[in-house]
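For reference, TrEMBL has these:
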- B:470-487: compositional bias 'Polar residues' (COMPBIAS)
- B:488-505: compositional bias 'Basic and acidic residues' (COMPBIAS)
- B:52-448: domain 'Oligosaccharyl transferase STT3 N-terminal' (DOMAIN)
- B:587-646: domain 'STT3/PglB/AglB core' (DOMAIN)
- B:470-511: region 'Disordered' (REGION)
- B:766-791: region 'Disordered' (REGION)
- B:47-67: transmembrane segment (TRANSMEM)
- B:117-137: transmembrane segment (TRANSMEM)
- B:174-192: transmembrane segment (TRANSMEM)
- B:204-230: transmembrane segment (TRANSMEM)
- B:236-259: transmembrane segment (TRANSMEM)
- B:271-296: transmembrane segment (TRANSMEM)
- B:302-320: transmembrane segment (TRANSMEM)
- B:332-356: transmembrane segment (TRANSMEM)
- B:401-425: transmembrane segment (TRANSMEM)
- B:437-460: transmembrane segment (TRANSMEM)
- B:526-549: transmembrane segment (TRANSMEM)
Amino acid sequence: MATALPPLRRATPLLLFLVVVAGALASPARADLVISRADRRVDLTSHIVRAVTSLKVENAGQDPVSQVLLAFPNIQAKNLAAIRAFRTEGKVKGPSTVLPVEVVQPSGAPPELMFFSALLPKPLEKGKTLHLEVLTVFTHSLQPFPEEITQAEAQLVVYQDSAHYLSPYPVKVQTLTIRLPGGRVESYTKHPKAKLVDSELRYGPFEDLPPFSYLPVIVHFENNNPFAVAKEVIREIEISHWGNVQITEHYNIAHGGARLKGEFSRIDYQSRPYVRGVSSFRHLIARLPPRAHSIYYRDEIGNISTSHLWSDSKKTQLEIEPRFPLFGGWQTTFTVGYGLPLQDFVFYSDGKRFLNITFGSPMEEILIEKLIVKVVLPEGSKDIEVSAPFPTKQWQEVKYSHLDIVGRPVVVLEKPDVIPEHNLYFQVYYKFNNISLLREPLMLITGFFLLFGACIVYMRTDMSISKSSPSYLAKLQWDEVQATVQKIQGIFEQCLAVHDKLEASLRDLSRTGDIQICKAARKAADAQFKELSKDLKPLLTSLQSSPQSYQIWPKVDDLITKEREMQEKLMTRHSTVVDCFEKKLRGQDVENRIVLQRQKIAALRQEVESLLEYISDI
Amino acid sequence: LKETSASPPPLLFLLSPHPPELCFSAAMPQTQSSTAASGGGGRLRDAFGGVLCAFTLLLIGLLAFSIRLFSVIKYESVIHEFDPYFNYRVTQFLSKNGVYEFWNWFDDRTWYPLGRVIGGTVYPGLTLTAGTIWWLLNSLNIPLSVETVCVFTAPIFSANASWATYLLTKEARGPGAGLMAAAILAMVPSYISRSVAGSYDNEAVAIFALIFTFYLYVKTLNTGSLFYAALNSLSYFYMVCSWGGYTFIINLIPMHVLLCIVTGRYSSRLYIAYAPLIVLGTLLAALVPVVGFNAVMTSEHFASFLVFIILHVVAMVYYIKGLLTPRLFKVAMTFVITVGLAVCFAVAAVLIALVASSPTKGWSGRSLSLLDPTYASKYIPIIASVSEHQPPTWPSYFMDINVLAFLSCFLPLSDASSFLVLYLVTSVYFSGVMVRLMLVLAPAACILSGIALSGAFSVLTRSMKFQRQTSENAGDGSSNALANSETASKEKPSKKNRKRDKDSEGSSPADHMTEEKLLVLPCGPAAVGIMLLIILSGFYVIHCVWAAAEAYSAPSIVLTSRSHDGLHVFDDFREAYGWMRHNTDVDDKVASWWDYGYQTTAMANRTVLVDNNTWNNTHIATVGTAMASPEKEAWEIFSSLDVKYVLVVFGGLIGYPSDDINKFLWMVRIGGGVFPHIKEADYLRDGNYCVDAHGTPTMLNSLMYKLCYYRFVETDGKGFDRVRRYEIGKKHFKLTHFEEVFTTHHWMVRVYKLKPQKNRVRGKLKLKPAGRSSSKANSMRKIGGKKNPWQ
């Protein structure tokens with residue numbers, strides 16, 4: 001504790017803790033392993049702290065050892081987001097095997113420490129050595145100090161660690177390298193073996209340290225990288241077997257660094273954004289899978305218009321800018337959604353389908369304090385199983401959407417403190433029959449069919465309640481009148497057709513001069529007229545008797561007289577023309593005789609037609 | 001690309017009412033002749049015409065819906081402007097909490113510290129409609145958000161409105177004119193301006209309700225059916241639920257009834273059309289909380305009751321006339337008239353005394369400002385300040401109604417058509433007073449010009465046919481009989497057109513013959529006329545599409561500008577609201593001019609002092625006074641109202657003209673109307689309003705000026721205001737009682753926080769040099785301190 005740093009108060013528990021650890025040294029809870037070399041590299045460039053520890057472990061005891069214990073003080077362990085151990089062959093690029101890591105509580109271990117054990121695939125024999133790489137990722141380990149800064153100030157953070165590798169085993173040689181993001185280093189714990197070169201701080205090498213050695217060091221440095229912390233992310237993956245996997249991600253993001261104090265001045269921010277506003281961040285980058293489509297970016301009050309999208313065959317890169325730059329302590333919410341082709345993520349094996357997709361958020365360097373992944377399977381899915389690469393809290397829900405009846409099964413996975421390292425593939429297995437796809441279209445078809453059927457039935461059936469009410473009777477009568485009128489109309493149409501025939505016979509006459517045919521036509525027409533008028537009579541009487549026809553009757557009456565007149569005119573004209581032909585008069589004279597008649601007939605015909613039209617309109 | 005591709009369909013749609021009919025008439029003779037013998041031709045043709053008509057109506061509805069989607073395509077699916085945000089918020093509440101909670105909703109996030117009883121002060125029609133649609137969709141498991149439903153409510157209802165227009169015009173004139181009117185209404189710019197997708201306002205639903213009520217009234221008038229009368233009062237109830245403009249209906253229909261009575265057209269149908277409407281309608285209207293007893297108490301409804309009484313008297317007179325002999329009738333009349341007059345005078349005296357006792361003569365301010373256009377500017381500056389309450393200019397008539405303004409029609413006068421004419425005349429007057437009521441004019445103009453256009457088309461097409469037939473007659477002399485029969489078959493379709501100008505009463509066919517012959521024009525002019533009409537309609541369509549796409553689609557919360565380097569989006573309002581939503585405490589109070597109240601509550605979810613429901617003039621005047629006061633007084637007013645943030649809209653950096661500096665004079669006027677120490681003259685230099693070097697010290701020291709221009713000079717070194725186009729008067733100043741907490745990217749919205757009160761240091765007051773501020777400012781401060789109404 002060489003530096004006179006203000007956060008001493010926070011470091012005090014560490015001192016106490018050291019004392020406790022010293023007491024625990026005597027505990028026998030460790031195997032006879034010796035770490036011959038330990039190199040730690042801590043990366044502090046982002047707000048997520050990643051430490052890689054290379055261990056060379058030697059079995060100095062008698063018995064083979066099948067596990068290696070890794071110890072962390074509780075204050076570090078509570079921020080531990082991920083731990084992974086690999087067994088390597090000593091070379092940096094050599095092949096490596098992942099070792100399972102689990103939490104253990106060795107007997108007699110001090111409660112201030114938390115132990116993880118890396119299980120070896122085969123026990124380490126006596127005298128053998130083993131190369132082990134341990135990746136640990138910590139969140140919330142960079143404490144902003146000061147906690148509140150103004151817009152113009154850079155963000156300073158404090159990182160605490162031990163210069164000595166905290167291990168239940170004796171360590172022969174060890175070093176600690178801390179990579180800083182560059183920029184100002186306010187202070188660091190001075191030590192004879194500490195050295196700051198560019199943006200790398202080295203402690204060590206230390207030699208021959210007993211187990212549980214602890215040397216607290218503190219680094220206070222500038223870190224202006226975006227401290228993007230998502231309080232909660234809900235990621236909904238909806239599978240549609242019509243060919244789409246729709247992903248909707250709801251973010252609630254805050255700047256987790258030093259809080260902004262005082263005013264936010266836009267003019268300062270705009271004129272010198274890298275000086276006045278250096279601690280803020282404007283945009284986030286998401287790497288979406290290739291062939292992502294229909295990407296949208298919005299929040300509860302509408303689209304957010306500031307985003308950019310690039311895509312190539314390997315990835316789709318989305319750069320989104322929240323509505324406002326995020327300063328320390330500011331937060332915002334937004335939703336990103338996109339569609340993915342089904343065949344890239346849903347596969348079929350052994351009679352089961354499975355979804356194979358990454359767990360975490362596609363955003364770069366974002367810490368998610370609580371991630372909820374919901375996988376919405378299509379309606380009718382059965383036998384659902386989940387296989388995730390790390391423990392998560394799981395339960396099932398039902399979601400109703402798009403004309404569902406029984407609802408879609410939803411698998412919900414919840415995990416706290418998710419970091420980009422958790423972006424691993426997980427699988428959801430389920431059984432689904434393709435015939436279920438047709439359920440909704442068929443439902444729509446049936447629905448419309450029923451609707452139209454109901455319409456037809458309604459139009460064709462008599463829905464009146466009281467069969468004796470005056471309005472109902474009036475309606476019946478009216479229907480009758482209409483039917484009668486229609487019949488009358490038909491008769492008149494026939495009359496007109498006969499008229500046409502007569503006219504045609506006249507035309508034939510002028511062409512061929514055959515008087516006999518013409519006369520015959522007249523006779524036939526006469527007969528037809530008589531027949532028609534006979535047909536008309538009962539209809540007319542029934543119409544006249546009906547009380548509903550008071551509106552129509554005068555018109556029909558009018559129509560009959562007009563038609564009679566027309567018939568007569570036509571007949572006289574016909575006979576005149578035939579007479580003329582018999583007398584072999586000149587065409588011109590014939591014309592002169594009938595021209596008046598013709599005009600009258602034409603006028604009558606128009607009247608008749610308009611009357612017919614009028615009646616049909618009723 | 002999206003814009004241009006969307007325009008051809010409307011063109012097709014507009015023409016569709018005509019070409020199908022023309023084709024139809026060309027195709028008919030064959031059908032007719034083939035089935036003439038059987039007599040089923042008429043039925044088949046009717047069925048065909050019915051299907052065609054229904055299909056055309058469907059297309060018109062589609063056109064009405066799709067022409068309003070420009071805003072979604074060009075911008076996004078978002079709620080527009082100011083009032084729609086309030087309606088949206090209410091709908092959200094309704095869909096979340098149910099209808100009973102909605103009726104009892106006391107909103108404490110607005111009008112702080114007074115609050116507002118939303119359930120009792122809002123016209124619930126629109127919200128209930130959208131809420132019902134949302135509920136229906138969600139119960140069918142169609143997951144649409146409330147916002148989506150709200151955005152698309154207006155286009156859906158404009159399709160409904162165009163169908164209602166069809167029904168109304170059909171009732172008055174016939175289906176042809178109906179189709180024409182429906183097509184015109186589907187894209188009349190004035191209506192589009194209020195019903196584009198996202199403009200979720202009362203008018204969107206109310207215009208449908210208005211037309212539909214009129215339709216049912218005319219239908220009842222034509223049929224005399226009590227069923228339609230009952231439907232009519234239900235439709236009137238819906239209108240009352242939807243919009244304050246229902247008073248237009250309840251005054252227009254009595255006027256028409258009165259007109260009918262005066263012109264001697266009283267009939268039992270008129271009675272059935274009117275009496276149930278008044279009785280049922282008034283009862284139903286009184287059920288709406290916002291109307292309540294106003295339905296019988298205010299002068300807006302007085303005319304309807306008066307006419308109700310008159311109608312009964314007239315009905316009685318007609319009844320007695322039927323009972324008595326003419327001589328007895330005369331005696332009875334004199335008796336009744338003397339007694340009746342005496343009673344009338346007594347009642348009238350009481351009424352006049354009652355009405356005169358109220359200062360506004362029983363009229364609400366808004367109605368009064370309609371009757372007397374100068375009233376609002378004299379007495380209620382708050383109503384006069386609203387931009388949509390200004391009288392319109394002539395270009396806006398052209399813009400909103402286009403060619404319709406120049407088309408109108410003189411009909412053979414029937415009950416229905418006299419109603420339409422009366423509707424047009426009154427709505428022209430009202431639209432002349434308030435630009436907002438242009439909306440009421442639009443349906444009337446559409447219906448009448450639809451009738452006129454279809455009339456013109458039918459005359460021209462008919463005369464072309466007649467012309468062809470006579471020319472054939474002249475050419476073919478030898479076979480006259482043939483020509484005649486041809487004429488007969490040709491003429492049949494043309495009667496289809498003629499049917500339109502027929503009244504429901506109908507005139508005798510002989511009249512039609514002469515009428516037809518009179519109306520025949522020479523072929524050439526007829527063809528030219530048709531061409532001109534088509535061109536005119538074409539221009540109308542182009543204008544409408546342009547208006548829908550360019551003029552009326554902007555959501556006004558997102559602005560765009562096209563420059564040489566592409567489209568530039570100004571999303572500052574939502575940036576600021578989003579910032580406030582996430583980065584201020586949920587119970588913080590925000591002060592801004594009332595324009596932004598609804599948006600702040602809906603988008604930022606923060607409590608505001610005043611909003612667009614300008615029900616409390618004093619409260620608005622307080623905010624206006626604070627904005628017009630110097631910093632310290634403003635701070636005192638605001639902190640006495642628990643205000644934590646002050647929001648101002650500033651357009652000077654990018655040239656956004658409707659900002660707070662341009663609205664500032666209204667704040668001064670409204671503030672001064674309640675607190676006399678704010679004098680408009682103090683803010684004007686020689687009658688001119690300016691904020692440059694000539695600005696008065698009062699102006700340049702006002703809070704609004706300071707908040708808008710704080711550190712503005714640092715942007716370009718000179719402080720050049722791009723809206724006012726000059727350099728500002730006071731460039732370098734500091735804020736002592738406010739601090740800037742957020743300014744949006746283009747500076748359009750600036751949010752300031754009230755600084756906490758400083759700890760008092762003993763003796764500091766004495767040390768303060770007297771000359772630190774000018775004596776005038778000092779005296780102002782003293783006066784201001786006393787005048788603060790909240791102390």
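A Cβ is built for glycine as well, from the same backbone N, Cα and C atoms used for every other residue.
Relative to the transmembrane segment (B:332-356), the listed stretch B:302-320 leads the set B:117-137, B:204-230, B:271-296, B:302-320, B:437-460 in CB pairs under 8 A. Annotation: stretch B:437-460 has the most Cβ pairs under 8 Å to the transmembrane segment (B:174-192), among B:204-230, B:302-320, B:437-460. The largest share of C-beta pairs under 8 angstroms with the transmembrane segment (B:302-320) comes from B:236-259, of the ranges B:117-137, B:204-230, B:236-259, B:271-296, B:437-460. Under DSSP, residues within the domain 'STT3/PglB/AglB core' (B:587-646) fall into helix, strand and coil as 33 helix, 10 strand, 17 coil. Listed by sequence, the residues of this chain that lie at least six past the ends of the transmembrane segment (B:117-137) yet keep a Cβ under 8 A from its Cβ atoms are 87, 90-91, 93-95, 99, 102-107, 144, 146, 149-150, 153, 156-157, 200-202, 204-206, 209, 238-244, 288-290, 613, 615.
The average per-residue pLDDT of the prediction over the domain 'Oligosaccharyl transferase STT3 N-terminal' (B:52-448) is 84, rounded to a whole number.
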